[in-house]
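Notes follow once the structure below has been shown.
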Amino acid sequence: MRLDRMTNKFQLAISDAQSLALGRDHQFIEPLHLMMALLNQDSGSIHPLLTQAGIRVSALRSLLSQELERLPQVEGTGGDVQLSQGLIRLLNLCDKLAQKRKDKYISSELFVLAALEGCDALAQCLKKSGATKELMEQTIEQVRGGQKVDDPNAEDQRQALKKFTVDLTERAEQGKLDPVIGRDDEIRRTIQVLQRRTKNNPVLIGEPGVGKTAIVEGLAQRIVNGEVPEGIKNKRVLSLDMGALIAGAKYRGEFEERLKAVLNELAQEEGQVILFIDELHTMVGAGKGDGAMDAGNMLKPALARGDLHCVGATTLDEYRQYIEKDAALERRFQKVLVDEPSVEDTIAILRGLKERYELHHHVEITDPAIVAAATMSHRYVSDRKLPDKAIDLIDEAASSIRMQMDSKPESLDRLERRAIQLKLEEQALAKENDEASRRRLDHLQEELRDVEAKASELSEIWRTEKAALAGTQHIKADLEQARLDLEVARRAGDLTRMSELQYGRIPELEKQLDLASQAEMQDMTLLRNKVTDLEIAEVLSKATGIPVSKMLEGEREKLLQMEVALHERVIGQNEAVDAVANAIRRSRAGLADPNRPIGSFLFLGPTGVGKTELCKSLARFLFDSESALVRIDMSEFMEKHAVSRLVGAPPGYVGYEEGGYLTEAVRRKPYSVILLDEVEKAHPDVFNILLQVLDDGRLTDGQGRTVDFRNTVIIMTSNLGSDIIQEGFGHLSYSEMKSAVMNVVTHSFRPEFLNRIDESVVFHPLDAENIKHIASIQIASLRKRLAEKDYTLEITDEALSLIAEIGFDPVYGARPLKRALQQEMENPLAQKLLRGDLLPGKPIKVSCVDGELVFEQ
């Protein structure tokens, strides 16, 4: 008996049998040990062989365990085990059987055949489990498929389809695939190509997320339901698992062997299998080493002959990048283009999937939620495709509701945490003896009783509501199972079972569900089990930062009072504030053009009058933070080549991978305020880029991605015509001044650029009263900084007027005021604080004496 003539799996099993005997203190390795090792082998061939022969493997395993328990145990042998005479005889018999079959290597299944020829304990166990010599010989022939064992890895290559593919038709029969709604044209076209004589290989091409894999699942479901032409009736759809095919292929040629085994088995099936290769481009170059042949080239002969019915799926970009380069592979496939479904089709798809998601999350998905998911994802999520992005919204919204149902309600959690906090305080105060502590303890105990009572009441309500929801979940699961059983009975033609389910079980469950739902309909105070359009809007708002959720009363009031909020920081400039506020209100009320930015403005006026300040104020109003302001200083874009920094460098240039300054900022924050400061200083070519943004609300970056600007406010500032504003201030009306300024502007900017801007706003120069108002705002900011150091600041009206008077300059606006404040107030204050003249805790009074500021405490 030569071990080197055994297959790798058989050699491994003998090593495992030795370990088993050693662990149980047996002196000899018996046939029982080897049989147990073969049964326990990972991805071994004996377990599936016996199962295929109809032998009860679990019964055989328990019989083997009983026999192994009876074997004598020998201690103190020092780990010395050897093959028993019975096992040597069986292995020699295996060698004889292999020679008889003209095999070069002895495979594991011959051991079972050899064992059945004997009459020892192993033969008895096999016979009790239902194995006979004739049955095993038949099964071995089926498994081998007429092939000889010419390779030590021959056992690994058997049952290749079972190991390296997933049976989609089997999954469809079990009801594990999601229903496929619509897509009839694409499925029909796929079937049409599959029925060709040669090159009967469709490849589904479309953007990621449009449902290419779903079309193949739909085909599998139609085959199972018999809704296909005679040519492909009763065929199986197998999905190739590329991961399993490549995983563990350590040595050169192992991957090719596995793929060849798959192709050989497919050839034996004689056209009864349709192979589905998802991500088809992975086949090109897969397994390619130095001079090795890749998977794509191995498939070509089978594809061209028509031996292999193959359906591929890949994206447009990857098809161009990998498949089109290999013309010989491309011509063997027939393209089937899969377009993105419309919003109406997406709604139909979501309605079909609704029950599956309800069953998974144990929540109810309302129809308004489905409509909202399709319409909102189409409008606000621009970088992905329907129906995938709409399904994601439904899934995540249902998940959030489910999470709230499973976890403690926030209000109850808050009360319980407060109770713990109060108990800790109570323990600390109980150790104190003074009067104040005792009074505090009494108040605290009263509050604790109140909090515990509320928490107990809420906890009871929560438990009741949770129990009510659990009832409907069980009924829904039973109803889904009954419907699956009905489908199985219909396919099997079992009319008795069909009538029992259709007219008995299903109507009864539907009635129970209706009653349970009515009980649930009563107003729930803590739990929600319905996904509505509000939840969809919340999920979308969190993901994109775009406020699409329903406006609360407070937000409506805030929007109506928007001018007041903006005027807190922007003094004067009523026309500019009104224009911006109206644009934001139009957008939030849903009246703005969905294909353009929320608003685009050109702010014109002299320096220091509040053009940039209004943008900062708007960003703070919308996002509670000035960091949401995307500020681009256009003076940096004075050269022609600098334009590429906005949208990203073109291919072949340094920095191509990094993306553009403007496009990347908007991709990350689709809802933002974009400030293009000092726009007249930029190169004229910059405005060519802005034309597309202002008109269609989109821009293509250097990598060909479309960036959505439809949820941005675009503000450009310029100093053009500031001399006219200065001269005309006081004696020209606003409309006269605006027309004079626009006359200057038209000479600098092209008409097609100006024509696309929503509104050009002219800012007035600031008068003395405005400057005084701004001075009070800046002193409030200084007061806040001093408060951090425990100083309070009080300033008289005369001192404020003096600072405003010093800082007033009609040409330079409010900027000289800042310098005046630094020189007249901040510098002397800093010196006094450092000298220790002013003490913390006491108010600092600033007054005006003889035209100078005086600081005293």
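Just so it is clear, glycine is given a Cβ too, placed from its N, Cα and C backbone atoms.
Listed in Swiss-Prot:
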| type | residues | note |
| --- | --- | --- |
| DOMAIN | 3-146 | domain 'Clp R' |
| REGION | 6-71 | region 'Repeat 1' |
| REGION | 83-146 | region 'Repeat 2' |
| REGION | 159-340 | region 'NBD1' |
| BINDING | GLY206, GLU207, PRO208, GLY209, VAL210, GLY211, LYS212, THR213 | ATP 1 binding site |
| REGION | 341-545 | region 'Linker' |
| COILED | 391-525 | coiled coil |
| REGION | 555-765 | region 'NBD2' |
| BINDING | GLY605, PRO606, THR607, GLY608, VAL609, GLY610, LYS611, THR612 | ATP 2 binding site |
| REGION | 766-857 | region 'C-terminal' |
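Structure with Swiss-Prot features highlighted.
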residue : record             : CB count, 10 Å
GLY206  : ATP 1 binding site : 21
GLU207  : ATP 1 binding site : 16
PRO208  : ATP 1 binding site : 13
GLY209  : ATP 1 binding site : 17
LYS212  : ATP 1 binding site : 25
THR213  : ATP 1 binding site : 14
GLY605  : ATP 2 binding site : 26
GLY610  : ATP 2 binding site : 25
LYS611  : ATP 2 binding site : 27
THR612  : ATP 2 binding site : 18
With DSSP as the yardstick, break the region 'Repeat 1' (6-71) down into helix, strand and coil residue counts. 47 helix, 3 strand, 16 coil
Taking every protein chain in this structure into account, which of the binding-site residues VAL210, VAL609 has the most other Cβ atoms within 10 Å of its Cβ? VAL609
Proximal residue to LYS212 (ATP 1 binding site) among binding-site residues GLY605, THR607, GLY610, LYS611 (C-alpha distance): LYS611
Counting by DSSP, what is the helix, strand and coil composition of the region 'C-terminal' (766-857)? 52 helix, 18 strand, 22 coil
Here the binding-site residues are GLY605, PRO606, THR607, LYS611, and the Cα closest to that of GLY206 (ATP 1 binding site) is found at LYS611
C-beta crowding around GLY211 (ATP 1 binding site), within 10 angstroms: 26
Using DSSP and three states only, what is LYS611 (ATP 2 binding site)? helix
About how far apart, in whole Å, are the alpha carbons (Cα) of GLY608 (ATP 2 binding site) and GLU207 (ATP 1 binding site)? 50
The rounded CA-CA distance in Å from GLY610 (ATP 2 binding site) to GLU207 (ATP 1 binding site) is 46
DSSP-assigned states of the domain 'Clp R' (3-146) in counts, ordered helix, strand, coil: 95 helix, 6 strand, 43 coil
VAL210 (ATP 1 binding site) to THR612 (ATP 2 binding site): how many Å between their Cα atoms? 43
Which one is closest to PRO208 (ATP 1 binding site) in space, judged by CA to CA distance, out of the binding-site residues GLY605, THR607, VAL609, LYS611, THR612? THR612
Across the region 'Linker' (341-545), what does the pLDDT come to on average, as a whole number? 80
If you draw a 10 Å sphere on the Cβ of GLY608 (ATP 2 binding site), how many other Cβ atoms land inside? 21
